[in-house]
Amino acid sequence: MTVLPDLLDFDPDAALALLGEWMAARGEPAYRAAQVFGRLWQRPVRSFDEMTELPKALREGLAGSFRITALELTTRQKSMDGTEKFLFRMHDGQLIETVAIPDGDRLTFCISSQAGCALQCAFCATGAMGFQRNLHPSEIAGQVRELRMLTPSIVPTNIVFMGMGEPLMNWKAVSPTLSLLNDPRALGIGARHITISTVGVLPGIVALAARPEQFRLAISIHAPSDALRRTLMPVNTKYPLADVIAAAREFDRRVTFEYVMLGGVNDQPEHAAQLAQLARDCRAFVNLIPLHPGGSMGFSPSTTPTINAFAKAIRARGVETAVRRSRGLDIAAACGQLRTERLGRRLPVAAQDHGEVHVA
């Protein structure tokens with residue numbers, strides 16, 4: 001059985017070229033290609049049949065030549081603080097999570113780039129699931145499409161790749177997704193309002209830095225020394241802290257360090273001093289993240305006084321820092337929590353919660 005090409009998997013240039021060739025071969029006017037592409041992203045629809053401005057014969061022809069991926073919404077939860085969490089099922093039954101975070105006049109969509117994650121960070125629910133597969137552009141940017149179709153009046157001001165998965169280990173799909181998110185012919189979100197979060201996958205950082213757009217980079221540091229970071233993040237064996245810091249230094253935009261606060265593990269005064277030194281080395285902004293209160297693998301959240309003292313110690317060393325405000329605590333808004341609950345598995349450990357995202 002022939003699988004039709006999914007128009008949502010192509011970046012804007014490739015999709016418009018493909019549609020243009022298809023239209024020309026059928027004697028259709030050239031403007032039809034942009035018309036169809038606009039209905040995929042700017043005024044999104046779930047099927048060609050909904051493009052009622054097109055002649056019926058053209059809609060039928062498109063449906064016979066291409067497909068449009070649909071994500072099935074299985075769960076939608078809204079927190080008392082306005083945060084919303086969405087669980088989508090894909091064509092093969094895999095589940096992914098998306099979070100919408102309102103904050104004044106800003107609305108941030110936190111999107112997933114993989115089903116599960118291979119990195120097994122000690123405090124992360126997504127890593128505890130294991131890795132299932134990479135997502136396609138249609139499934140990554142498609143999360144934004146789906147939220148736009150669910151609530152057309154709500155337009156995101158910011159996108160963060162801080163959901164399930166490591167985006168820079170799926171660069172083949174994330175790169176065209178960035179184009180779809182940013183290009184004014186598609187979703188048209190400013191590059192400086194799109195943040196890619198990584199544990200420090202060096203080839204991906206280099207590839208991101210090579211792009212001309214001013215996309216933001218956030219690096220999950222979580223420990224200021226190799227010895228401690230290896231115990232929390234096995235990936236540190238492949239990408240040691242010194243190499244990650246060097247890559248951050250070479251990145252031509254200011255980088256954000258993300259640092260989840262683990263009680264008695266990485267929240268002591270000496271850790272603050274070490275972290276401040278790393279941040280100063282590459283002019284990074286530090287975002288401190290209170291550990292989500294769920295989970296049971298030996299980690300406890302740092303106390304509020306400890307977090308405040310930690311932030312004060314970093315600022316005293318000349319480094320800008322912020323403490324992320326916890327959001328969605330009543331709806332399992334930590335990475336992987338909702339998916340784990342729906343699959344009937346016991347959540348082994350808390351993940352980073354999707355609080356207010358501070359990016360320098």
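Cβ atoms are placed via backbone N, Cα and C, with glycine included.
Per Swiss-Prot, S-adenosyl-L-methionine is bound by GLY165, GLU166, SER220, ILE221, HIS222, HIS292; the candidate from SER65, SER79, SER138, SER197 named for the same site is SER197. Averaged over the domain 'Radical SAM core' (103-330), the predicted model reaches a pLDDT of 94. Cα spacing between GLU166 (S-adenosyl-L-methionine binding site) and GLU97 (active site, proton acceptor): 14 Å, rounded to the nearest whole number. In the three-state DSSP scheme, SER220 (S-adenosyl-L-methionine binding site) falls into the strand class.
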